[in-house]
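Trainee: In case it helps, TrEMBL gives these features for our protein:
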- Asp43, Ser44, Asp82, Lys112: 3-methyl-2-oxobutanoate binding site (BINDING)
- Asp43, Asp82, Glu114: Mg(2+) binding site (BINDING)
- Glu178: active site, proton acceptor (ACT_SITE)
Amino acid sequence: MKKLNDLMTMKQNGTKISMMTAYDYPSAKQVEAAGIDIILVGDSLGMTVLGYDSTVYVTLNDMIHHGRAARRGAPETFIVVDMPFGSVGVSMAADMQNAVRLYRETAADAIKIEGAHFELISQCRLIGVPVVSHLGLTPQSVGIMGYSVQAKSKAAAEQLLQEAQAAEKAGAVMLVLEAVPSDLAALISRTVTIPVIGIGAGIDTDGQVLVYHDVLQYATEHRPKFVKVYGDFTTGIEALHQFHQEVRLGQFPSDDYIYNIKVLGEEHD
Ligand SMILES: Nc1nc(=O)c2c([nH]1)NC[C@@H]1CN(c3ccc(C(=O)N[C@@H](CCC(=O)O)C(=O)O)cc3)CN21
Ligand SMILES: CC(C)C(=O)C(=O)O
Ligand SMILES: [Mg+2]
C-alpha cells in the first residue's frame, strides 16, 4: 500500500497521482486491481448511489457504512473518506468526535474536509488523524456557491492560494482542488509541498481524481465539463431488459442453469 511518504515522493519526482472514488466492495476491488493510487470514498455517493440531488443529505453513518465496504474491497490501497455535511463546523468537540469516529471505524488512511477549517485540521493532526483539505468548489456549500467554477477573480485567486497555504500550515497531508482555473491550480501545486489532486483544475496538479460512476457512464444525470468517460455501463440496461423478456417468455432458465436432480421419482427409499 502507498503511504503518505510515497505520495510525497511521487510529487517530488513529478510522478502523477491517480485517485478514483469507490463506495462499495466490488468497485473498490476493481479500483485496487486497476492499480489506482488512492481510493476516495466521496460523499458524492449521496448523488451517484443514493439518489439525492446534492451531497447535503449524506450522514456520518452513511460514510462509515460505505467506507467500511470500500476497505474490505481494497485492503491494500490508500483510502480517503469524506467528512459529510454537518459533521464539521458545529463545534470543535463535536467535529473532533466525528473525525475520530470516521477515521477509526472505517480504517481509512485519511479523512477529507471541505472548506477552510484550519483549526480542525490542526487538532486532527495533533492527535494523529491525517486530513486531506478540499478547497475551490466545495459541493457541500451548493446552497451558497452552486456548482460554478471558483476563484475566477484575481482577489479570489489570491485568497485561495492563501487558504491552500493555511491548509498546509495547519498540517493537511494532501489538498484536493475542485473546479478552479488551471493556471491558479498550477501555481498552488508549485507553492505547497503537499500533493495537490485536481478535479476540473487542469493538467498541472500533482494528480487527478474523478468519480467512478462518471468515468464508467453509470451516472446518467448532468455531466460536469471535467468528466472524461472511459467506459460504458449503459449496456447494463439492455441486459436487464433481456432478462425481463426471457422470464416473461418462459425462456429463462434454460437447461444450462437448472440443477439436474429429480427427487420425485417412481421409487422411494
Ligand atoms: N457524479 C458526480 N460527479 C462529481 O464530480 C460530483 C458529484 N457527482 N457530486 C458531488 C460533486 C458535485 N460536483 C459538480 C457538479 C456539477 C458541476 C458542474 O456542472 N459545473 C459546471 C461549471 C460551469 C461554470 O462555472 O463554468 C460545468 O459545466 O462543469 C461541477 C461539479 C462534483 N461532484
Ligand atoms: C469529487 C470528489 C473530489 C469528492 O469530494 C467526492 O467524490 O465526494
Ligand atoms: Mg466529496
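Here the Cβ of each residue, glycine as well, is placed from N, Cα and C on the backbone.
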Trainee: What three-state class does DSSP give Asp43 (3-methyl-2-oxobutanoate binding site)?
Mentor: coil
Trainee: If you measure Asp43 (3-methyl-2-oxobutanoate binding site) to Glu114 (Mg(2+) binding site) at Cα, how many Å is it?
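Mentor: If we compare the Cα positions of Asp43 (3-methyl-2-oxobutanoate binding site) and Glu114 (Mg(2+) binding site), the gap is 11 Å.
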Trainee: Between the Cα atoms of Asp82 (3-methyl-2-oxobutanoate binding site) and Glu114 (Mg(2+) binding site), find the distance and write it as a whole number of Å.
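Mentor: Asp82 (3-methyl-2-oxobutanoate binding site) and Glu114 (Mg(2+) binding site) have their Cα atoms 8 Å apart.
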Trainee: Taking the mean position of the Cβ atoms of Asp43, Asp82, Glu114 as the Mg(2+) site, which residues outside that list, in the same chain, have a Cβ no more than 8 Å away, listed in sequence order?
Mentor: Gly42, Ser44, Thr55, Val58, Met63, Met83, Pro84, Phe85, Lys112, Ile113, His134, Pro139, Gln140
Trainee: Take the C-alpha atoms of Ser44 (3-methyl-2-oxobutanoate binding site) and Glu114 (Mg(2+) binding site) and report the distance between them in angstrom, rounded.
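Mentor: One finds 12 Å between the Cα atoms of these residues.
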Trainee: Tell me, how many other CB atoms lie within 10 A of the CB of Glu178 (active site, proton acceptor), whichever protein chain they belong to?
Mentor: 23
Trainee: If you count Cβ atoms within 10 Å of the Cβ of Lys112 (3-methyl-2-oxobutanoate binding site), leaving out that atom itself, what do you get?
Mentor: 24
